[in-house]
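Enquirer: Please find one structure pasted underneath; my questions will follow.
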Amino acid sequence: MMNSLATALSDFFFEYETPRQVLVRNKHIGVVCRLVQLAVLGYIVGWVFLYEKGYQSTGSAVSSVLTKMKGVGFTRVNGTERVWDVADYVFPEQGDSSFVIMTNYIMTEGQRQGTCPEPSDQGLCKSDRDCDEGKFKRTGHGQMTGKCVNETGTCEVFAWCPIEHDREIPNPPLLMSSENYTLFIKNSITFPQFQVFRSNLVEGIDNKYLKSCIYNEEKDRYCPIFRLGDIVKLANFEFSAIAREGGTIGIIISWECNLDLPIKYCRPEYQFHGLYRSVEEEESAKASVGYNFRYAKYYMEGGVEKRTLIKVFGIRLDITVRGEARKFDIIPTLTAIGSGVGIFGVATVVCDLVLLHVLPKKNLYKNMKFKYTVSQEED
């Protein structure tokens, strides 16, 4: 018993086993083997290393966006002239990454709380009973009083009067001059994993350059100042159409940085996308087209609270930052090489299948590759 155990331990520590190899001189097998190996090599070099950058580690970005609009608009409505500056047409005014630029509006001045008739487009009434029975939908203007106003043939409501009439949207848009407004975007970004800090004010951009540049895809692709009309055009919208009823445009600032190269090549790319439904869609496909909201300016007059209600139609801009940095790292490199070496075993599997199951001399190759032994245990 002790001798058997000693023999087993001796065999385990002092013997080495190696697979039996058979050299087969066959053109078909040789060609198949080399083609499979070539395909695997192409996958490792072309896909894993060149396309997927398997030799680099990746890091995500942390960023901030500051915006500033410039431009002045002028309107003349019913003989009233008005100048609109940044404080009037940008909502909110803090310079956030998501904001609205007013391009059209409906203004209702001198509203005060009281009773007044509903607009005629809300339905006609013949008697107070019609209003009491609620035959007409509530539009959100106010609370019905149950009276029918004979002069207008509509129900009376307790609301902010006079009631806003917003069925007819001004066309052309009242602030068509907004096409020439400019947007300045300041984007700061960092890749914490690599301790790299960048700004979209890249090398070559100084105060002198900023005073004259306007973003252009071909000539000034790194200029951070954008003309609103150009943004709309790059998003595949017609400015006159989107300015009338409003819409939403997404601006994507993309950072794809290879930190194995000099840091000056880490630069942003700008993309513009039209979001939500376009005002140019066919009438049958329209549903809640455009973008609008209301806000009011309150004041006191003769001891009575009044307000000016403005329904704003505008272009909403949503700025999103995407960033990814890559840099050489020995760990993913060795991992990619190791997995590639393992994939080379596919060539052996394919060739063995052809050799042992397809070729005419498959039985001969089987006898050469495998050695069969028969052992009997005697009592």
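The chain as shown is numbered from 1 upward.
Each residue, glycine too, has its Cβ placed from N, Cα and C.
According to TrEMBL, the ATP binding site annotation covers K68, M69, K70, T182, N292, F293, R294, K311. Annotation comment: TrEMBL describes C116-C161, C125-C148, C131-C155, C213-C223, C257-C266 as disulfide bond. What TrEMBL lists as N-linked glycosylation site is N180. The transmembrane segment annotation in TrEMBL covers 29-50, 336-359.
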Enquirer: Round to the nearest Å and give the CA-to-CA distance linking R294 (ATP binding site) with C161 (disulfide bond).
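Expert: That separation, Cα to Cα, works out to 16 Å.
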Enquirer: Between the Cα atoms of C257 (disulfide bond) and C223 (disulfide bond), find the distance and write it as a whole number of Å.
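Expert: If we compare the Cα positions of C257 (disulfide bond) and C223 (disulfide bond), the gap is 18 Å.
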Enquirer: Max CA to CA distance in Å over the ATP-binding set K68, M69, K70, T182, N292, F293, R294, K311?
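Expert: Spelled out: the longest distance between any two Cα atoms in K68, M69, K70, T182, N292, F293, R294, K311 is 24 Å.
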Enquirer: For the C-alpha pair, I'd like the distance in angstrom between C213 (disulfide bond) and K311 (ATP binding site), rounded off.
Expert: 34
Enquirer: Counting all other Cβ atoms within 10 Å across every protein chain shown, which of the disulfide-bonded residues C155, C161, C213, C223 scores highest?
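Expert: Highest number of other Cβ atoms within 10 Å: C155.
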Enquirer: Rank the disulfide-bonded residues C148, C257, C266 by the number of other Cβ atoms within 10 Å of each Cβ and report the first-ranked residue.
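Expert: Neighbour-count leader: C257.
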Enquirer: Quick check for the class: what is the C-alpha distance, in angstrom and rounded, between K68 (ATP binding site) and C155 (disulfide bond)?
Expert: 46
Enquirer: Test of understanding: give the count of other CB atoms lying within 10 angstroms of the CB of C116 (disulfide bond).
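Expert: That number is 21.
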Enquirer: Compare the C-alpha of K70 (ATP binding site) with the C-alpha of each of the recorded positions C116, C125, C148, C155, N180, and give the closest one.
Expert: N180
Enquirer: Please identify, among the disulfide-bonded residues C116, C125, C131, C266, the one with the smallest Cα-Cα distance to M69 (ATP binding site).
Expert: C266
Enquirer: Round to a whole number and give the Cα-to-Cα distance in Å for the pair C131 (disulfide bond) and K311 (ATP binding site).
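Expert: Cα-Cα distance, C131 (disulfide bond) to K311 (ATP binding site): 28 Å.
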Enquirer: Please report the distance from the Cα of C161 (disulfide bond) to the Cα of K311 (ATP binding site), rounded to the nearest angstrom.
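Expert: Checking the Cα atoms of C161 (disulfide bond) and K311 (ATP binding site) gives a distance of 15 Å.
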